[in-house]
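Scroll down for the structure; my scribbles are underneath it.
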There are 2 protein chains.
Amino acid sequence: MSSAKFSLAAAALVVAAPALADDAALREQARELFETIPLAAPTLENNVISRDRVDLGAMLFFDPRMSRSGLFSCQSCHNIGLGGVDGLETSIGHGWQKGPRNAPTMLNAVFNIAQFWDGRAPDLAAQAKGPVQAGVEMNNTPDRVVATLESMPGYVEAFDAAFPGEENPITFDNFALAVEAFEATLITPNAKFDQFLMGNDGAMSDQEKRGLALFIDTGCVACHAGINVGGQGYYPFGVVEKPGADILPEGDKGRFAVTETADDDYVFRAAPLRNIALTAPYFHSGKVWDLKQAVAIMANSQLGAELSEEQIDDIVAFLGALTGEQPQVVHPTLPPRTMTTPLPEEM
Amino acid sequence: MSSAKFSLAAAALVVAAPALADDAALREQARELFETIPLAAPTLENNVISRDRVDLGAMLFFDPRMSRSGLFSCQSCHNIGLGGVDGLETSIGHGWQKGPRNAPTMLNAVFNIAQFWDGRAPDLAAQAKGPVQAGVEMNNTPDRVVATLESMPGYVEAFDAAFPGEENPITFDNFALAVEAFEATLITPNAKFDQFLMGNDGAMSDQEKRGLALFIDTGCVACHAGINVGGQGYYPFGVVEKPGADILPEGDKGRFAVTETADDDYVFRAAPLRNIALTAPYFHSGKVWDLKQAVAIMANSQLGAELSEEQIDDIVAFLGALTGEQPQVVHPTLPPRTMTTPLPEEM
């Protein structure tokens, strides 16, 4: 009995050996291109991720009174339960207006080279100031945000704790720093892909591994590499072939609006692909709901590659392995308004 | 030294004695009129508060895909971080429309005699079906809700677990039952008032106790009694004197729309006053932002009483002692959409 067992185990080892060798090679290749999501928030250059600052940031992130109407919070478009997006082509904002671009996720966004589809904000603090003021989004002003915060003792205390020693802690800059500190904690470790990178062969299925190999070999990694599998550089949408105006609206020239150089026509930050299976619809226009179609369009327009149905399925399976553990956040209890809190304005 | 100490203590006892006697009498009186909020959800007649059902209910409560536009969830108007309300006069709904009445809190709502300002829903399950379908709110249909839920394996599993043994667990009725089960857990125990009721003299300040005594003696308890300090019966708004149309709009006749009897003209369910300090603005019209003004109007219109500034302050202090421990809910991670999930519709 004991010897029979031994031979069975030996046989299994022989069959598994080539797969293991492939796994090792694939992992080695992948490790040169990608990085795992860490378990804890990274250190920031211009901010301190203290417990008090993160807690304050969570309050601000979930507080609809940061918008003029009182309806929208950061959470409205960057829903922590929906992979950090709103699941709309483009967001609905103040007065039922439509935003110009699909809302990107804030999950792992701290690892992006810069924020927004065109990278016009260098960090999450700068980003946080945008939607609050945008007329089609929260339609507020820095002064009104500060007045709102100053009117509530709960926020006065929370800012004191989060920015100790500052004479006047309630500022629009500190509002943005607190939101950034909270968002820096919204990272999604332990995706199957991360587990594979860390050495667990069984974490990814064969199809997912084939998809990873294809993702590398086809050239997707030219733009989608690094810790966020994208989000690290700027590239024109339509390198080889420009998609139709239904997917790439002519009016939105992307990074051109930031740099005003012709080279940046239709240039966008390569989308970070972490949790991409959760964040339909796709592209800055939000016009594509099917991840398979998105992969096919990318292969075609960026690489001139015509992928087979099977290859697309494999890559989509790999992209599914980029879904990490979603943040578990207790919804904060927000300070009650007072008689000096600005009233909501719907118009 | 020892005898000096003794006499000081004796003196203190003499001074404190009447206050202690008052506390006991006040508590006795209050216990006949009110009830403490329990620590755990109550048993429901037509529902089972299982962990699976509550978890599913939380997902549904926070899922904006329950609305046609994909923007509104239950949480939009019943914000768990804002005492269960949206802090607006009346809610903003589909297409930026305004709801007809101020959104009431779902916190402790399980203890109300019935739901909505006019009591037209007998329980929270019946209530949950209303806003989902209301054209000015979530503007959805039962069929579209069911189709949305059926399209996502995460919901199929969650309904299977929450309604075990049912052949077809995804129904609009079960949607409502799950929301009710979750909402039944949203109770706020241990308010200062509850602690006082339970025997802790020091839980309420002298002013809060004076307010409680006034609240009883002035007659507020005729309508605002029971576990929710209101929410147990129907009364005309303006028993003694009808407030102006700015506060009591003529077009909204309250319970008349439910019963169609002339006696129910301008009749509303007495507002439950638990957490009332958190839930401005006040009245079904949401026209009053100041709790002091709300108390003055009520005293005047319902009781014909002209309260002094100091008396109003005392009652408002008592009302503040009705703020309980707010629910701590982890924001649920929602199932990702699939290609069969109905697309959001903004129009």
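Even glycines carry a Cβ here, placed using N, Cα and C.
In three-state terms derived from DSSP, B:HIS78 (heme c 1 binding site) belongs to neither a helical nor a strand segment and is classed as coil. The number of other CB atoms found within 10 A of the CB of B:HIS78 (heme c 1 binding site), across every protein chain shown, is 23. Among the features that TrEMBL reports, heme c 1 binding site is placed at B:CYS74, B:CYS77, B:HIS78, B:HIS94.
What TrEMBL lists as heme c 2 binding site is B:CYS220, B:CYS223, B:HIS224, B:MET298. B:CYS220 (heme c 2 binding site) carries a helical DSSP state (H, G or I). Using a 10 Å Cβ-Cβ cutoff, B:CYS220 (heme c 2 binding site) registers 24 neighbours.
Under the heading domain 'Cytochrome c', TrEMBL lists B:52-160 (among others). The residues of the domain 'Cytochrome c' (B:52-160), classed with DSSP into helix (H, G, I), strand (E, B) and coil, number 51 helix, 8 strand, 50 coil.
Residues annotated as domain 'Cytochrome c' in TrEMBL: B:206-323 (among others).
Residues or ranges marked as signal peptide in TrEMBL: B:1-21.
Here heme c 1 is bound by B:CYS74, B:CYS77, B:HIS78, B:HIS94 per the record. The longest Cα to Cα distance in that group is 16 Å. Neighbour density for B:HIS94 (heme c 1 binding site): within 10 A of its CB lie 22 other CB atoms from the protein chains shown.
Of all residue pairs in the heme c 2-binding list (B:CYS220, B:CYS223, B:HIS224, B:MET298), the one with the greatest Cα separation is 11 Å apart. Between the CA atoms of B:HIS224 (heme c 2 binding site) and B:HIS94 (heme c 1 binding site) there is a gap of 34 Å, rounded to the nearest whole number.
Taking only the Cα positions, the spacing between B:CYS77 (heme c 1 binding site) and B:MET298 (heme c 2 binding site) is 25 angstrom.
Taking CA atoms as the reference points, B:CYS220 (heme c 2 binding site) and B:HIS78 (heme c 1 binding site) are 26 Å apart. Across the range of the domain 'Cytochrome c' (B:206-323), the DSSP-based residue counts are 50 helix, 10 strand, 58 coil. Note: the CA-CA distance between B:HIS78 (heme c 1 binding site) and B:CYS223 (heme c 2 binding site) rounds to 24 Å.
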